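Some features that Swiss-Prot has for this protein:
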- 1-112: region 'Disordered' (REGION)
- 67-93: compositional bias 'Basic and acidic residues' (COMPBIAS)
- 200-321: domain 'SET' (DOMAIN)
- Lys210, Gly211, Arg212, Tyr255, Asn282, His283: S-adenosyl-L-methionine binding site (BINDING)
Amino acid sequence: MGRGKKMSKPGDGRSGDVPDTGRTGGTNENHPKINGEVAHLGQPKIYSFMSPTKSPSARPPLQEENSVAHHESKCPGKPLTETRKKAEVEKKRISSGTELSVKPSEQRETECNSIGEFLDPKQEQTDVRRNIALPPADKLNHQKMVKDKPLRRKAQRKKSPNRKLTDYYPVRRSCRKSKTELESEEKKRIDELIQTGKEEGMKMDMITGKGRGVIATRDFQRGEFVVEYHGDLIEITDAKRREATYAQDSNTGCYMYYFQYLNKTYCIDATRETGRLGRLINHSKSGNCHTKLHNINNVPHLILVASRDINVGEELLYDYGDRRKSSLEAHPWLKN
């Protein structure tokens with residue numbers, strides 16, 4: 001290998017060997033020197049990115065000492081006295097910075113509260129939205145409102161004076177009658193007609209093929225009292241004896257009507273001639289009247305009631321109810 005340029009020997013770290021850069025005074029923290037005099041005493045920028053809330057100068061002194069010692073070991077060219085002085089100055093600066101940066105917990109709480117005051121309107125809006133989004137709370141409030149409304153209405157009703165019906169309509173006697181009242185009045189009317197013997201709305205007339213009969217002289221409504229089948233009220237033993245006597249005379253007709261009352265058989269004997277029209281009403285299976293018992297003072301009376309509406313001029317008829325062979329042979333008109 002040929003001879004060339006001589007390689008410069010590395011410096012021994014002395015101050016005289018280092019060329020002057022044109023700056024006077026100590027080294028600047030923001031502009032460190034290039035030739036091995038970098039002290040690296042500045043704040044590492046990585047801490048600001050890792051924890052933004054912490055101040056860069058809030059590092060503990062022990063960490064600073066370790067970093068200083070580490071940098072000192074990397075810079076063997078600097079004398080130890082200068083590095084120690086710079087380390088002490090840096091410690092003082094860091095301690096003063098930590099005192100300023102570290103705030104008491106009370107101040108932090110006050111700052112948080114002040115920040116919260118600025119954020120209160122937004123939080124209130126979010127709270128309102130949350131309340132709107134929750135249907136159960138709205139339902140409960142709605143139910144409370146609904147419950148309050150009837151109470152208010154009841155209070156208003158209680159305050160209003162009570163009005164009587166007589167304040168609007170005059171007092172008058174009611175003309176309406178109950179069913180029992182109507183029935184009792186009808187019974188009294190029939191009792192009076194039976195006891196007095198009045199027979200109104202009919203007359204006796206001659207009917208072809210039958211002889212005497214009764215014709216209606218007025219209209220009768222269904223269920224209305226027509227006439228009483230008047231005669232002698234006798235028991236069955238007396239009725240049988242009289243019937244045997246009447247059978248001996250062919251000119252005497254049979255006007256005897258048998259019925260049961262209180263589990264006992266009775267008979268109305270209307271054979272004797274009287275002026276009562278009930279005994280002259282003729283027989284028919286499809287008559288417009290029917291018989292009915294009427295009690296007056298526990299004494300049964302046999303009356304005729306209209307089975308349907310009867311017009312003026314119609315003959316009054318009812319079914320005798322005798323279906324015996326002897327009766328049918330003696331009186332063939334009973335078949336009709």
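A Cβ is built for glycine as well, from the same backbone N, Cα and C atoms used for every other residue.
Worth saying up front: this structure is predicted, and the values here are computed from it rather than measured.
Positions of the features from Swiss-Prot, shown on the structure.
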| residue | record | Cβ contacts under 8 Å, 6 or more apart |
| --- | --- | --- |
| Lys210 | S-adenosyl-L-methionine binding site | Asn282, Trp333 |
| Gly211 | S-adenosyl-L-methionine binding site | none |
| Arg212 | S-adenosyl-L-methionine binding site | Met204, Asp205, Met206, Leu280 |
| Tyr255 | S-adenosyl-L-methionine binding site | Gly231, Asp269, Ala270, Thr271, Arg279 |
| His283 | S-adenosyl-L-methionine binding site | Leu317, Tyr318, Asp319, Tyr320, Trp333, Leu334, Asn336 |
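Take the mean position of the Cβ atoms of Lys210, Gly211, Arg212, Tyr255, Asn282, His283, the recorded S-adenosyl-L-methionine site; other residues of that chain with a Cβ within 8 Å of it are Ile207, Gly213, Leu280, Ile281.
Tyr255 (S-adenosyl-L-methionine binding site) carries neither a helix nor a strand DSSP state and counts as coil.
Broken down by DSSP into helix, strand and coil, the domain 'SET' (200-321) contains 15 helix, 53 strand, 54 coil. Residues Lys210, Gly211, Arg212, Tyr255, Asn282, His283 are recorded as binding S-adenosyl-L-methionine; their most distant pair of Cα atoms lies 15 Å apart. Note on Asn282 (S-adenosyl-L-methionine binding site): other Cβ atoms within 10 Å of its Cβ, all shown chains, come to 18.
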